[in-house]
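Participant: Take this structure, written in structure tokens, and hold onto it; I'll ask about it next.
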Amino acid sequence: MFNRISEVISAASSRISAPQSSTVPYTEVGLPPEASSAHRFGFTNSGHKNNLRLSSSLQDFSVYHRLDPEEADLDLGIDRYARKTHPLQRENAGSSFSKEKALPGATPFMRRKCVRMFMVLLSLILFAFLVYMVSMYIFSNWYQGGSEFYVVLDCGSTGTRVYVYQASVNRRRDGSLPIFLNPLTEGLSRKAGLQSGRAYDRMETEPGFDKLVHNISGLKAAIKPLLQWAQTQIPEHAHKTTSIFIYATAGVRRLPSADSKWLLDNAWSILKKNSPFLCRREWVKIISGTEEAYYGWTALNYHTGMLGVIPDKATFGALDLGGSSLQVTFEGEKNMRNQSNLNLRIGAVNHHLSAYSLSGYGLNDAFDKSVAKLLSKLSNIKNADLVNGKIEIKHPCLHSGYKEQYICSRCASSQPESASPVIGGKHSGKGGKSGTAVLLTGAPNWEECSALAKAAVNLSEWSNLSPGMDCDLQPCALPDSLPRPYGQFYAMSGFFVVYRFFNLTSEAALDDVLEKGRDFCEKTWEIARKSVPPQPFIEQYCFRSPYIVLLLREGLHITDKQIIVGSGSITWTLGVALLEAGKTFSTRLGLYSYKILQMKINPIILIAVFLISLILLVCALSCVNNWMPRFFRRSYLPLFRHNSASTTSVLNIPSPFRFQSWSPISSGDGRVKMPLSPTVANSPQRPFGLGHGLGGSSIELMESSLYPSTSGRTLFLNFDVALQVYSGFLGKLPN
Ligand SMILES: Nc1nc2c(ncn2[C@@H]2O[C@H](COP(=O)(O)OP(=O)(O)OP(=O)(O)O)[C@@H](O)[C@H]2O)c(=O)[nH]1
Ligand SMILES: [Ca+2]
């Protein structure tokens with residue numbers, strides 16, 4: 001069937017490419033003219049007379065030249081001739097065919113050559129186009145691709161932790177982001193929950209980088225265990241292609257540049273020596289508060305499924321409370337113009353964000369500010385006492401019976417220069433923290449504690465930039481240059497830590513936090529300490545309770561209804577991995593073109609284009625087929641057998657060709673006679689090869705038989721067979 005189609009197509013194309021027939025009448029050599037009419041065969045064996053004279057032309061040796069398979073277009077000749085209906089046309093067509101062969105180099109021939117070259121070019125272009133379309137479609141619809149791994153180290157102010165993510169292409173057609181990110185956390189040493197006392201379920205070393213300045217062994221101890229754990233999470237073969245990022249946040253951000261540079265340079269050399277992962281120097285850095293903010297926002301909205309969704313849904317704002325800073329990120333109005341503005345394009349959606357980081361508003365820094373505030377109220381401070389850490393500060397947020405030394409980072413700035421030389425810059429306190437050593441004692445008083453927390457929230461208390469701000473009138477944690485938060489917010493990290501410490505669910509109200517905090521503050525330190533599992537900073541939760549409530553209500557003017565307290569598992573590091581994976585997969589998959597293929601081109605159109613191209617390709621190829629080098633062609637007909645039936649007779653013609661007559665298709669004995677296939681005279685019988693016959697040294701028609709057929713007609717099984725048949729017809733001479 002395919003063969004018939006290609007014949008039709010090639011006939012059509014040969015008609016297109018056929019030059020005008022020559023007018024020179026063709027006379028047959030070797031046979032009287034009238035006889036020649038006797039062996040004109042119907043192409044379709046329809047009983048019509050015809051002037052197919054390919055064999056004659058082969059006899060006409062004077063003008064015959066070796067048929068080059070590259071140039072022989074027997075089928076075209078046959079087709080062209082056979083499809084002529086008018087005898088005169090047939091006459092001309094046959095003569096024109098042989099004439100053309102007889103006069104190589106004639107203009108029509110050159111024209112045909114150009115047409116052939118054009119068809120070859122067309123078929124190559126079509127083929128390339130088809131390959132591209134099919135591969136793009138497969139690639140963007142089924143290519144799962146390998147998954148990529150990403151390692152992100154979060155160098156926070158209270159600790160350094162490692163997160164491993166596995167990214168893969170997300171095939172879901174639900175409009176969600178085409179990237180799937182899976183955090184790998186198995187084998188973590190401790191489980192979050194009451195028994196562990198830890199709010200976060202993560203692999204972490206303490207203290208944070210900012211306490212390890214000029215402490216190379218401390219820095220190695222902070223990084224190497226995390227690298228070793230990350231290697232256990234990722235298959236070894238993927239280590240080389242796994243990117244690792246070391247990003248430091250507020251704790252390092254507030255250090256003097258010489259100190260932060262020391263930390264980053266040494267972290268980089270430790271990483272190079274101890275990591276099998278793909279790392280670059282520019283991937284070991286301090287990220288800005290704004291970057292930390294939108295990474296956190298991206299992570300949150302990826303978790304909630306709002307990221308890059310079409311049509312875009314309202315996203316959640318993110319409140320990420322750390323130990324040193326607070327990040328605030330929310331989707332703002334498009335026309336907002338201020339320093340915190342940034343546009344984030346995720347997939348096909350543009351998000352206009354407001355993102356900023358409030359340094360000194362983290363849980364630990366806020367408590368530090370409360371100590372500095374109390375120190376500043378003390379009078380008659382002796383320098384000697386200060387140097388020796390003997391200054392005692394009674395703190396209303398500490399339990400009765402509590403007495404501990406504390407290193408106050410902000411105390412130096414709250415004292416006149418002479419009164420409080422900064423102790424430190426070296427490792428003067430717990431965990432290498434630099435600052436002023438003081439003695440903290442508990443003097444619990446809920447009201448005073450709340451007032452102190454409010455002072456920690458009020459920016460005008462800590463900076464001479466903002467004149468006294470009334471927290472009842474405006475969000476007093478924000479300078480005028482920053483936009484007021486609005487919309488729904490997820491309160492993460494430190495907010496989650498405080499809720500968990502007081503055994504509150506995320507549905508609890510802010511007033512519940514105040515009630516729990518007050519109860520806790522009233523306990524003596526002995527009881528309070530034992531009322532919770534061992535963990536760091538237990539003494540600070542009496543302060544943290546009123547602090548987070550006042551920070552939200554008065555520092556940011558966010559109401560209870562706008563708040564959902566999120567889990568501790570959402571961290572900004574997921575945002576880093578997501579955006580890095582987005583870069584990798586979008587280049588690899590041409591996600592943009594993926595989007596186009598998926599969304600812009602209707603699959604039906606795509607299929608139609610594909611089918612049309614396929615048909616054009618077949619058409620081009622069938623034309624090209626004539627010019628295929630002979631070694632591409634079938635080398636022989638299957639099952640050709642020499643038939644010695646007496647009915648055949650040999651046509652004596654003065655040429656190296658010996659034609660044997662050929663009885664009609666059905667010989668009456670039910671056996672189908674296959675068409676004669678030309679072979680060389682006196683040559684050993686060999687299977688007819690189109691390549692042999694055409695372009696071979698010479699050809700001879702032999703008779704053979706194939707399978708008995710009821711209809712007496714042989715259905716052409718393929719193009720080559722058809723061609724043989726025609727050439728057989730050509731050579732057939734009636735007895
Ligand atoms: N480091 C740490 N802090 C914990 C943990 N559980 C509760 N917290 C408390 O949560 C607070 C905030 O922790 P993080 O959000 O990790 O703060 P951070 O990232 O170190 O600080 P930034 O550099 O300001 O982001 C800490 O000050 C702790 O008091 C824990 O397992 N590890
Ligand atoms: Ca943090």
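Residue numbering: from 1, along the chain as shown.
Just so you know, glycine gets a Cβ as well, placed from its N, Cα and C.
Heads up, TrEMBL stuff is auto-annotated, nobody curated it.
Okay, so TrEMBL annotates it like this:
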- E292: active site, proton acceptor (ACT_SITE)
- G323, S324, S325, L326, Q327: ATP binding site (BINDING)
- 118-139: transmembrane segment (TRANSMEM)
- 604-624: transmembrane segment (TRANSMEM)
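Any idea what these are sitting next to in the structure?
Facilitator: Of all Cβ atoms in the protein chains displayed, 29 besides its own lie within 10 Å of the Cβ of E292 (active site, proton acceptor).
Cβ contacts within 10 Å of S325 (ATP binding site), excluding its own Cβ and spanning all protein chains shown: 25.
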Participant: I need the neighbours of the ATP site defined by G323, S324, S325, L326, Q327. Which other residues of that chain put their C-beta within 8 angstroms of the C-beta centroid, in sequence order?
Facilitator: S157, T249, A250, D320, L321, G322, S357, L358, S359, Y361, G362, D365, G494
Participant: Go through S324, Q327, the listed binding-site residues, and name the one with the sparsest Cβ surroundings, counting other Cβ atoms within 10 Å.
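Facilitator: Counting other Cβ atoms within 10 Å of each of the binding-site residues S324, Q327 gives the minimum at S324.
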Participant: From the recorded positions listed here (E292, G323, S324, S325, L326, Q327), select those whose CB sits under 6 A from an atom of ligand 1.
Facilitator: G323, S324, S325
Participant: Using C-alpha atoms, which one of the binding-site residues G323, S324, S325, Q327 comes nearest to E292 (active site, proton acceptor)?
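Facilitator: Of all the candidates listed, Q327 is nearest in space.
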Participant: Three states by DSSP: which one describes G323 (ATP binding site)?
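Facilitator: Reduced to three states, the DSSP call for G323 (ATP binding site) is coil.
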Participant: My understanding is the cutoff is Cβ-Cβ under 8 Å with a sequence separation of 6 or more in the same chain; which residues meet that for L326 (ATP binding site)?
Facilitator: L319, D320, S357, L358, Y361, G362, A477, G494, L551
